[in-house]
């Protein structure tokens, strides 16, 4: 059955199971002309059968160009930064998916690409809003939603520039055989195979020699498995081991090991070149053509070679060996000098380091995910077999010591004592008393001597060493370039630039050349090799740990296509690498890890702006969830109480002083959530809220505020805060204290706003929250100041852009003859008009200076400054469980407040002042609260003076009902019309409390006028009994004309204890 309701479109009798068709619909004209019919070409996506032709895309006759800008779903191809109109009411193509007209997109790989992807262009699917909101006549969809994760793969700008460079034309890509297998084998079959393997077997014997090879193979095999797993867990770009580690463990580990790994590859160039030079020097010796001496000749030849290698691109190798029968004598070890098992292993291990030769050029591979596992593991298998075979063959046909003289034969009656040479008729006994020039232990060119055709082995040595040197010379700059492109070390960004169609790191080549040249001057292969071993082992340890860590973190994003790995085997490989490092040379291992630690700390401190979705992030999340769940099993205890605050800052940058004071007593002590409530049209609020979430959290992080940002959209401010009070937090990490600023404009604000503000306080008490109301003289909101600054900044940017445009145009027109002269004259007139632009900016600036409240800006930073040796006055009038005492104590633990003395004020009877003072001091001592002074005020309940009371009466006058002066009917009518007003009955009933608030202000003016901060018990307004405006008047008179005031009321549950 066809699911398409346009029957004229299909002419074929057999219909498909599903159809995705682009159709043309015109509501204004129901008749279809011949022209329209011809233009109704479409793309049909058919899902047929289960076996063959699973996905078939076919085009019906017509103009196929219409599809050039269409997806499978009929959407115009949106690239990042473009706008896309969807219009179903005009002559526009749209999608008919599965028989329904919809903008919903079918699955497509282009939706999942990163911005700047090399393998294809990222496209944007319709947003959720596009398909969820009511369909308008013209819906414009921006790509903003798709840009949320543009930094998911690191620095987007670098990725894009990399893409541009790599797509200039003719970018070379290698398959798994040439790019990985051959490269790895050439690197592994290098200098060690031909000119050190015989010496290693001579030292360690066949038995331990095989163990050395197998131990190296074990390390590289485990590392190969880990590398395969990591490299198949997503698209792999250039950078080799650095890319694998950094994207798995993050920039801290990646950045530290990236430098070490690049350096190790640069030193490897020197090792291979020195091996080549040794062979050349041996040939010069045979021809008596030594230039200076053996060591200096190695340096000269090595220097010339490394220069020539910069231009070499391809090399090959062959090898051949011959077997004899001296197996038994050479089976056991015979270490000489200072050599031992692990020192010989250290010299051999660089032979196995070629396993990453393919991964190091991951950016140059056609399909790194398939090529790296296949090529690397096969290379390890083949080269291990080759090394074992060559080692056994060499050891079985060459004795450890030989004179090289064929006339040194055994005399009649000589006792051989088990000597293989003696058994074969040669007397090499002189080698016991003097050093001979031949044999496994003495001659590094044994392979050439025992081969059927010596020059062939020499050619193999040349090609093997040179190809390995060339591979390292290519790998080191590529890894280093990838590291520099990520801009982890900003000083090294100079080396990120690439040249040519292959984006060659020419600057990196030069740096590698200089490092290699420095190590070539050492001219001793046995000295260079252990240095490389240490660095490569450190790299392999981290690769294995990366695989283990990614598996252990159980991130949903860890889905490697390569399944033949085990997380515990990877961990064993990491531990094995570390252990071997220390056994080889413990002090070199310590130095290596000290360098890594230094680089790790440096990157951690600098916090590069990259986000690679590392396993470290995944593990942080898992650990946080596990810890939060464990915390839920722990019962609350008064000793562990922490102020966990909802702070009503709005946008955190708009009320920085409120955030600063809350942050002062929550940093490292409790939870701080900066909250914002969006009110108004729901769609507009939600859009604005979603777009600002990440920005405002980033602002907190950038300004080093240990706080979270949360926002809600609600019908009213009170409803939004109520939602936050109930739903914020997680498990035991739920807020218990509400922090808000004093509503300074309560007298000019509408009754609904005051009701909402007071309702928030009532709701907080209902939900058993502590409440902290903060008041400073200038208020908290600096949003207008920020807006003015932003406008001035934009004007300045426009002015600079105009000036730059004029300068560019003048430069272009400068050499265009008489025509250019007149154009320059025009530009000159514009330039003369520029001062007007500047003057307009200055006028705007000066205009706002009058409005700009400098004191407001200064007040917004007052809690960031060191408070000096002032006082912190606590007026503990009512017992609220101790929150009013705990908050100032926590403040005194901060550097900014530590010099402030804590003074305690309490109320008491005039006849028992000293007794009350001693009791309070005793209580504070039991709480272990350090205080400077205790004052008991005995006249709190006295009437305030007439001037103060008159001021209070005048303040509440506009909000009084005065019903007692009117008849009953009129009074009842006024109550219905203005229920928020203060009645005479209420004022009379609460007169004593009103007296107390006014009197307290007088006492505060008398005792705490010079304090740095006043902490005062917040009066509680009983619901229904105390009207909103009367309560606001209490708070106003209580905190008027004072230093910063914290009005605090706990939830009347203990937060302090004197028990241990």
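Glycine is treated like the rest: Cβ placed from N, Cα and C.
As annotated in TrEMBL, transmembrane segment covers the listed stretch 180-202 rather than the other ranges in 180-202, 410-432, 433-455. Among the ranges 121-149, 150-178, 208-236, the one that TrEMBL lists as transmembrane segment is 208-236. For the ranges 28-49, 50-71, the feature annotated in TrEMBL as region 'Disordered' maps to 28-49. TrEMBL lists coiled coil for one of the ranges 701-728, 729-756, 757-784, 785-812, namely 785-812.
When TrEMBL is compared with the stretches 78-99, 298-319, the one noted as transmembrane segment is 298-319. Residues 190-191, 194-196, 239-242, 245-246, 297-299, 301-302, 305-306, 309, 350, 353, 360, 444, 461-462, 465-466, 468-469, 472-473, 475-477, 479-480, 482-483, 488-489, 511-512, 515-520, 522-525, 528-529, 531-532, 535-536, 538-539, 542, 592, 595-596, 599 of the same chain lie 6+ residues outside the transmembrane segment (257-278) yet bring a C-beta within less than 8 angstroms of a C-beta in it.
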